[in-house]
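For A:10-55, A:56-97, A:154-195, A:196-238, A:239-280, A:281-321, the entry in TrEMBL reads repeat 'WD'.
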Amino acid sequence: MKLAGLKSVDNAHDDSVWTATWVPATDERPALLLTGSLDETVRVWSPDELTNVATNTGHCLGVVSVAAHPSGVIAASASLDSFVRVFDVDHNNTIATLEAPPSEVWHMQFDPKGTTLAVAGGGSASVKLWDTAEWKLIASLSIPRPEGSKSSDKSGNKKFVLSVAWSPDGKRLACGSMDGTISVFDVSRAKFLHHLEGHFMPVRSLVYSPVDPKILFSASDDAHVHVYDAEGKSLINALSGHTSWVLSVDASPDGAAIATGSSDKSVKLWDLKMRTAVQTLSSHTDQVWAVAFRPPGGTGVRAGRLASVSDDKSISLYDYS
Amino acid sequence: MASVYIPVQNSEEEVRVVLDQLPRDASDILDILKAEQAPLDLWLIIAREYFKQGKIEQFRQILEEGSSPEIDEYYADVRYERIAILNALGAYYSYLGKIETKHREKEEHFIMATQYYNKASRIDMHEPSTWVGKGQLLLAKGDLEQAFAAFKIVLDGDRDNIPALLGQACVQFSRVRYSDSLELYKLDPENVEALVALGILDLHTNEAAGIRGGMEKMQRAFEIYPYCAMALNYLANHFFFTGQHFLVEQLTETALAVSNHGPTKAHSYYNLARSYQSKGDYEKAGLYYMASVKESNKPQEFVLPYYGLGQVQLKLGDFKSSLSNFEKVLEVYPENCETMKAIGYIYVQLGQTEKAQEFLKKATKIDPRDAQAFLDLGELLISTDSGAALEAFKTARGLLDKGREEVPTELLNNIGVLHFERGEFELAERTFVEALGDGIWHTLTDGKAQPYPIDASASIHQYKDMQLFHRLEEEGFAVEVPWNKISILFNLARLFEQSHNIEMASILYRLILFKYPDYIDAYLRLAAIAKDRNNIQISIELIADALKVDDKCPNALLMLGDLELKNDDWVKAKDTFKAAKDSSDRKDSYATLCLGNWNYFAAVRSEKRAPKLEATHLEKAKELYTKVLFDHNANLYAANGAGVVLAEKGHFDVSKDLFTQVQEAASGSVFVQMPDVWINLAHVYFAQGNFPLAVKMYQNCLRKFYYSTDSQVLLYLARTHYEAEQWQDCKKTLLRAIHLAPSNYTLKFDAGVAMQKFSASTLQKQKRTVDEVNNCEPFPCSFLTFRVFSQLSAASNLQFHGFDEKKIDTHVNYCKHLLEAAKVHCEAAEREEQQNKQRIELARQVTLAEEARRKAEEQRKFQMERRKQEDELKQVRQQEEHLERIKEQWKSSTPASKRKDRSQYEDEEGGHSEKRRKKGGKRRKRDKGSKSRYETDEAEADIVDDQEEMEDEDANINYREPSNQMNNQEDEGEENAQDLLAAAGLEDSDAEDDMAAPSNPIRRRGAWSESDDDEPQQRQPQLSPNGDDSTEMQVSDGEVGGDDDRLNGDAAAADEDDD
């Protein structure tokens, strides 16, 4: 289990790169890397060579999140101005522009079947679900306020939703908020199930294990990664090692490892069996905003790939084996 | 009463000479002896008596007279006595030579001795005693071979000549041929001296059997003749080592009684003193050492009592005398390590560490195998030079390893800590693990113990959870922690914590608490971990646990105070800090600092904005800082605090100097992390208008200390960009801040303000560059601004960020206004575009802008409708007023820069400002009653329709935290430093706090205003309640009019283009 640096592109964007995701391979082409930046563009990169295939403009105030449809045909990008732009990956045609005022837009993810797009709604304390066929808002999953808290007190905005994650079976949706709580929803019934506690600082990234729909990994500003049993409501493990905020977490397709990116400028690879960081990569010179494993599939692609993007405007690609 | 009788010549009479009462003047006796031609043996007896009484001069006089040529002639046939006299003289001079230290005199004495022996030899070549004497002389001269030869001559004549045998044995002894000398001594089993000598020899063999044999001989000598002081001393010595102190005392007392001989008595006293010393009776021991010292009086001869005396005095705390005694020892044995170590220790006690180091270093140099010396040296160096200390400890450890001795865990612990402090975590960990040896911690740290899931709702208590250990016990592990391993375990946990292996650290802390629930530091560290993770509740609980153990523990109290501050429990926090200060006897400068900080906070936060209260708090803060500085003039934090107070009062130059010094000092140390001083320095640069430097400072600080994660510092940075009118940088910085702290709507608001300002200023520019026109930059930008404010406006319905709705609406309106202006502007640009059809690329951008505009229109309509529903009437009236004034303005005013407008206004209206300020004050008071303080801030501005002003003020409102922040961060820095020592500390400010952070914009302005030209002008408008103040409105109109003027200009430009 290790990561080996393959390629690094400096100045991939004109400013800090804030988000990245892989667009799954289609019949015509292999998987592509999608990145979004403070420079208000979304760029598409070919794998391994990391050549810039396309640069999509149209956003304002910096792109905070990108998400790819499991089909690999369409993708969505969101910026600080709270617009979500859905576009055709290969031709950059705008398919839809989504907005649900007054809700902001933070992290987004398509469900595993590709029928729904979940969008973390920031201060609205909810997750917005968009139907991907007609691009209509179908549901708003609200986090219930803890009992006894007044809506006007200053802690009112603590349930600010930052991150979302679909379970691999598409039945559950977890969202992380500024105050560190993680809320789990039953999607089919649009019902809030329970909170997962343990963090007390913003949870900026969440991901379910691809092999076990119960296991949820969370990355928080408290420099820890928690491993939860999201069904059993229990904290299985707390991984410490980063020296600053953990900004992003992703699980490897084989489910044996997770990778994290942190404000401490490092990317760490964690062996889940050993429960320790087996590797720390420090090729970036500024905070690492996103890490993403390439999903399996596509023609002749067996090798694992991990991409990381950073405030230093660069993208790094690693071989995972 | 011994006496001799000198026969009177030619008669039967005798002269009776009482030996005890020999006349002082030897001449009297000599006269009698000569006159009566007394036998020579009487001369010898009398001389010997003089010698015994210590009257050396008389002794020599008699003997010299007795060896004079006349005597030789007269007593020519009395050979033996003459020889005896000469031999006595020879022996006397050999002795003198032997003890003489000066080389020349020594030689002279030996020559004299030789002469006398030679003379004796001339009388009788074969007299054995002469040869023995010669042998002794040669022995004294160190000429062992010849001495041996001399003794041999005697022995050849008489095989059993005991003195000669002893002499020979002595030679052999000096040649370190103990067995040979033993043989020689064995001849006379009843000779006490020989037995004693044999005993000494045996003792010198340094072997257990030899020592036993030696002691047996001593005992025999004692049995034969119980009053031989020498034997008694040695026996006493022996019993001292066997620990039979009673016997020691008896023996030495007997020895003292039977001997008049100084050195022997000294030895006895010494034995006695030693015995008392080892019994712990230092007073008596000291007395006897003194007696011993008095007897011998010369350190060269018998140095041991000086050493003993030094030890006893050291024990009794009389360092000065002790030092002088040890120094005497060192004079005799300049290379004695033990003495050097003792002196080193005394210097440590006297606080002269440098001298102490010098001696210890010398000691280690002389004996590089003395592990103890290295240990002492290391301990001494810890505080001053950790590197050297580490070296010393390592050497000590190496020596102990080599000597196969067990390395004390304390030593390993020290080495580990030093590695730790030097940042060599791996080495430190290895050392700690080695020091710990085997134990339950192994099972815990090697990761073999399976984790067990904790219920997520219980997981918030994970830092108090002991289940793990119960479970381990159930599984059959012995969960034991020996008491001497606790510190090491704690240090290891600290190390894990430092290397961010937080989970392991927490397990080890809990392990300590599991076994030793009174270990406060472990509670505090756990609390600190919880606090770092923002788990305030559990942190407070843990501190409460610590306080249960010791409710006066200052560290716990200080930490509690800090947590209370974090929870906004102001009054509680103050009480806690005070309690902490009291419990540390008011000596804990950290507690004083905290109180100083508290006062500063109080001054800044003061809800009532009472200037008096504020001044008292500031004064009190300053006083406290100064007090700490007075006690510890190197306290960086106090200096920093004092700097803050000074800056607060407007003494920027002084505070800048202070900050710069603190910064330099802080960057010199690896352990001190003081981001606050960087920030404060940047604040001062900012206040003095040195924006580029301020920017640099903020950026460095952000990278250096916060991993670029502190949105607050980003906010300062943005504010600096704002003031420097670098709109793009300002916007980018704010966007970054928003990305870091998404829920902070203040940042969003600020971003809106910045963009609004950006678009307005671009539109206002008299001569736009072609680029700018082509980019149509202002348009999308103002559109965005509009959007941001609309969003905020919408969000305000949810009421979770505390902005005043009206205020945002005002912004929305202004943005609409800007949008219109931008539209005109863009249309103009568009026309230009059409004329330059080749520039297709640019055209595309205009289309883009068009599209955006269309969207904005839609948005605007939507917004308008909503607005209508909300406050239709008011809006209409306001806009009408606007229009009218704009028209007026068109007629009268010429385009002028904003700033110029301002100052004109200021000149004209200077007289009114005082009155307005009063009004403003009144209004605020009224507002306060009903609204939260934050809203009060907003209220001042809410009805203001002067956009420019508002903007400035908004910026200030939202940026005003810097002064608060100063202190918050200062606390954090303190914590870092304190962390190392104790588990207490204050924590940083929360970025989110700024919504709630109590502050006072006016006051802050006061602080900055001195150097900022703009500020006074801005200040008055801000204070003015407006609405009914027509001059106020005029200014606003001027501003808006200015925009329109420029629009006219645009049109003109466009016209020109048309031409």
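Note that Cβ sites are derived from N, Cα and C of the backbone, with glycine treated the same way.
Heads up, TrEMBL stuff is auto-annotated, nobody curated it.
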Let's see if you can do this one: DSSP helix, strand and coil counts over the repeat 'WD' (A:239-280), in that order. 0 helix, 24 strand, 18 coil
Within-chain partners of the repeat 'WD' (A:56-97) [C-beta distance under 8 Å, separation at least 6 from its ends]: 15, 18-26, 28-29, 31-32, 34-44, 103-110, 112-114, 117, 119, 130, 132, 135
Can you name the far-off residues of the same chain, 6+ from the ends of the repeat 'WD' (A:196-238), with a Cβ under 8 Å from a Cβ of it? 107, 162-169, 171-172, 174-184, 244-255, 258, 260, 262, 270, 272, 275
Spatial neighbours of the repeat 'WD' (A:281-321) far in sequence, C-beta under 8 Å, 6+ residues away: 1-22, 24-25, 30-31, 33, 35, 37, 45, 47-48, 50, 244-245, 247-254, 257, 259-269
For the repeat 'WD' (A:56-97), give the DSSP counts of helix residues, strand residues and coil residues. 0 helix, 22 strand, 20 coil
Taking helix as H, G and I and strand as E and B in DSSP, count the residues of the repeat 'WD' (A:10-55) in helix, strand and coil. 0 helix, 21 strand, 25 coil
Segment confidence, the repeat 'WD' (A:239-280), expressed as mean pLDDT: 91
Would you list the DSSP helix, strand and coil counts for the residues of the repeat 'WD' (A:154-195)? 6 helix, 22 strand, 14 coil
By DSSP assignment, list the helix, strand and coil residue numbers for the repeat 'WD' (A:281-321), in that order. 0 helix, 20 strand, 21 coil
How do the residues of the repeat 'WD' (A:196-238) split into helix, strand and coil according to DSSP? 0 helix, 24 strand, 19 coil
